[in-house]
Amino acid sequence: MRLFRLASVKLSLCLMFGILLGQLTQPNIKTVWIGFTLIFVLLGALLQKQTRKGVPWFTLCSFLTTILLGVLVYTMAQPINYPTHFSMRASTERTVYHLKIRDILKPNAYTLRYIAKVHKVDSSPTTGELLFSMPRDSAPTRFKVDDELLSFGTVAPIPQPKNPHQFDYSRHMATQGIYHQLRVNSGDVVPLQQRDRTIKGYAADLRNHVITKLREHAFGQKELGVIQALLLGQRDNIDEGTYNDYKNAGAVHILAVSGLHIGIFLLLLQFLLAPLNHITHGKTLKTVLIITILWAFACIAGLSPSVVRAVTMFSFVAYAMQLNRPTSTFNSIALSLFFILLVSPMFLFQVGFQMSYAAVFAIVWLYPKLQRWYRPKNSILRKGWQLLSVSCAAQLGVLPISLFYFHQFPSLFFVSNLVIVPFLGLVLGFGAFVIFLTAIGQLPAILVTVYNTMIGWMNAVVHVVASQEDFLFQKISFDGFQLVLAYVGIIALVSLLQKFRFKPLALILGSIILFLGHALYTRHQQQQTHQLIIAHQVKGSILMHHGQNWLTVFHGSNARLDYLLENYAIKARIDSIVTDSLHNAYRIGHQKLYLMDSLGVYPRPKSADYLVLTNSPKINFERLLDSIQPKQIIADGSNYNNVVEQWKMTSTKKNIPFHYTGEKGAFVIDIID
């Protein structure tokens with residue numbers, strides 16, 4: 001495969017491996033520096049002695065150096081590794097924090113959330129960032145990027161998920177170098193007048209200005225939400241039904257300013273600035289103008305990480321297009337990958353980054369092969385085949401990642417892409433013109449009507465495709481091992497179709513055997529599963545009886561099941577779910593479990609191996625323990641915190657194990673049949 005023969009691709013793979021190795025081993029930063037320095041000196045020595053014959057020691061040392069470079073940049077990108085990090089000075093007591101808003105996250109129903117830099121703890125200068133949140137209903141103001149404030153509170157680690165197979169938000173934030181949160185009430189916040197501006201702050205203000213101006217015009221609510229997502233990278237205001245339509249139609253990538261949008265803008269600019277090719281140094285001037293305009297658009301879109309990544313990548317591609325060499329595109333994409341990871345190694349763990357590069361590499365690699373394999377003579381059919389080739393190549397590139405993270409596959413993706421993508425250049429180009437006129441306050445009503453109609457038609461097409469539910473495959477369980485095997489199989493299959501050879505055939509057969517073996521092992525593990533799980537949910541009580549591929553859920557009236565069960569069913573490969581109301585008594589093999597609710601009714605007979613406390617029953621807890629003598633006490637999330645603390649102290653005095661799901665997460669009992 002020619003792609004893997006390029007030095008830029010090999011070095012990028014080595015850098016990625018080094019970053020993954022750093023994440024896995026979490027080495028000491030001084031140790032990494034020493035190792036990198038030694039191998040770099042060795043590389044310099046080998047440069048003087050390397051010959052074309054014999055073992056390529058210089059090449060091998062180059063790869064090892066790049067791997068260690070990956071470990072080094074990962075380690076250096078961890079703010080918590082530095083002695084100036086605020087966590088080194090943070091106290092368990094309430095403390096004053098001087099914060100500067102770096103980014104605004106999508107609020108939920110109850111809280112406003114921000115990413116904030118910690119400038120000071122009390123009067124001590126610090127570094128690092130945290131997740132800052134405050135109640136939505138009582139917030140004195142909504143902060144903007146670069147706003148500064150004083151906050152009085154206690155920093156705590158971002159909690160890990162309390163239930164099995166749930167989304168790990170702490171791990172997600174860790175990919176951004178954020179490990180702590182500060183949750184305060186509105187009375188504990190004092191906004192400051194000072195505001196040291198940054199480029200990102202100016203970009204955010206520009207985007208907010210454009211959004212405010214857009215709202216003054218007669219755009220429909222759904223259409224305006226799509227416009228903000230499509231052109232400004234702002235998805236907070238998009239209608240939930242519209243977003244689900246795009247997701248189920250396989251067109252959700254259209255709603256995020258990403259490589260697709262920047263690539264289309266690049267092609268539009270190449271076309272519009274083509275006359276510059278005919279003047280002296282015109283190609284260079286054209287490339288400079290294109291890159292400048294792309295970065296100007298990135299500023300309008302708020303300089304979000306996904307936009308910065310896409311514009312950086314296509315800045316390299318624009319340079320490759322100027323060189324007009326066969327391997328320039330491959331090299332430029334690989335170099336952009338290397339450069340981005342060198343500056344921001346944590347991007348490697350972000351889904352958007354993974355999908356962007358997987359799609360672009362797949363298109364650049366597979367599209368020419370598909371065009372050589374079949375080329376219709378009819379010009380209309382040829383254009384249709386080209387669009388289908390791009391769509392299929394991109395979808396094949398991101399399919400394993402999509403299954404791993406989102407567990408669904410919209411099989412009609414090619415329909416929505418065939419209908420929308422040909423006109424997306426017009427939609428984006430016209431939209432950019434609308435945004436420009438909006439920013440300067442000169443947008444005429446006729447253009448509002450025309451563009452609103454265009455977006456409305458696009459939404460309608462997506463809705464029709466998304467409505468074909470029989471073609472949407474959901475809740476597909478797909479783990480990391482299957483992800484790796486899928487990519488090995490795809491690469492080997494394409495290589496085999498291009499030219500029949502034993503090596504790719506062996507890789508395909510090996511991948512299939514490992515895939516089947518993994519499936520059999522997973523099935524065997526599933527057959528051995530028999531558990532009772534006391535789940536954690538604030539103000540709710542849930543017990544789950546999991547056996548093999550079935551799940552029985554006992555729940556109280558206040559319990560919220562949808563999100564909990566959806567994730568659990570996918571990861572645990574559950575085929576059948578039955579729900580029921582909570583009972584007071586359960587038998588677990590040869591042991592008994594008693595659930596005491598707010599009524600405080602004692603079990604009959606007065607004995608239980610496991611005592612589950614829910615809804616803060618008003619009881620004499622010490623007398624209860626003396627009466628039924630449980631071996632284990634579990635308090636779930638429906639209880640008041642102060643009551644739980646009293647129970648915990650009493651249990652400790654009596655040497656009875658106490659488990660609070662709000663602290664330790666769900667309590668899992670393995671049932672021995």
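Residue 1 is the first one shown; counting continues down the chain.
In case you wondered, yes, glycine gets a Cβ from its N, Cα and C as well.
TrEMBL does not curate its annotations; it predicts them automatically.
Note that the structure is a prediction, hence the values are computed from the model and not measured.
The feature domain 'DUF4131' is assigned by TrEMBL to 32-189.
TrEMBL lists 230-499 with the feature domain 'ComEC/Rec2-related protein'.
Feature annotation from TrEMBL assigns transmembrane segment to 32-48 (among others).
For 55-77 (among others), the entry in TrEMBL reads transmembrane segment. If one looks beyond the transmembrane segment (55-77) by at least 6 residues along the same chain, the residues whose Cβ comes under 8 Å of a Cβ in the stretch are 10-11, 14-23, 25, 27, 29, 32-33, 35-36, 39-40, 42-43, 46-47, 177, 341-342, 344-346.
The transmembrane segment annotation in TrEMBL covers 254-276 (among others).
As annotated by TrEMBL, transmembrane segment applies to 288-321 (among others).
Per TrEMBL, the feature transmembrane segment maps to 333-366 (among others).
Annotation source TrEMBL lists transmembrane segment at 387-406 (among others).
What TrEMBL lists as transmembrane segment is 412-438 (among others). Counting same-chain residues at least six beyond the ends of the transmembrane segment (412-438), those with a Cβ under 8 angstroms from any Cβ of the stretch are 210, 213-214, 217, 227, 230-232, 249-251, 254, 260-261, 264-265, 267-268, 297, 300, 383-384, 387-388, 390-392, 395, 444, 447-448, 450-451, 454-455, 458, 461-462, 465, 468, 471-472.
Taken from TrEMBL, the feature transmembrane segment applies to 445-466 (among others). Below 8 angstroms of C-beta separation, residues 217-220, 222-223, 226-227, 230, 242, 244-251, 410, 412, 415-416, 419-420, 423, 426-427, 430-431, 433-434, 437, 472 of the same chain, each at least six residues beyond the ends of the transmembrane segment (445-466), sit close to that stretch.
Look at TrEMBL and you will find 478-497 (among others) tagged as transmembrane segment.
Among the features that TrEMBL reports, transmembrane segment is placed at 504-521 (among others).
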### Query
Which listed stretch (254-276, 288-321, 333-366, 504-521) has the most C-beta pairs under 8 A with the transmembrane segment (387-406)?
333-366
### Message
Could you tell me the mean pLDDT the prediction assigns to the domain 'ComEC/Rec2-related protein' (230-499)?
### Response
84
### Task
Compare 254-276, 288-321, 333-366, 504-521 by their Cβ pairs under 8 Å to the transmembrane segment (478-497) and return the stretch that comes out on top.
504-521
### Message
Using a Cβ cut-off under 8 Å, which residues of the same chain at least 6 positions beyond either end of the transmembrane segment (504-521) come close to it?
### Response
481-482, 485-486, 488-489, 491-493, 495-496
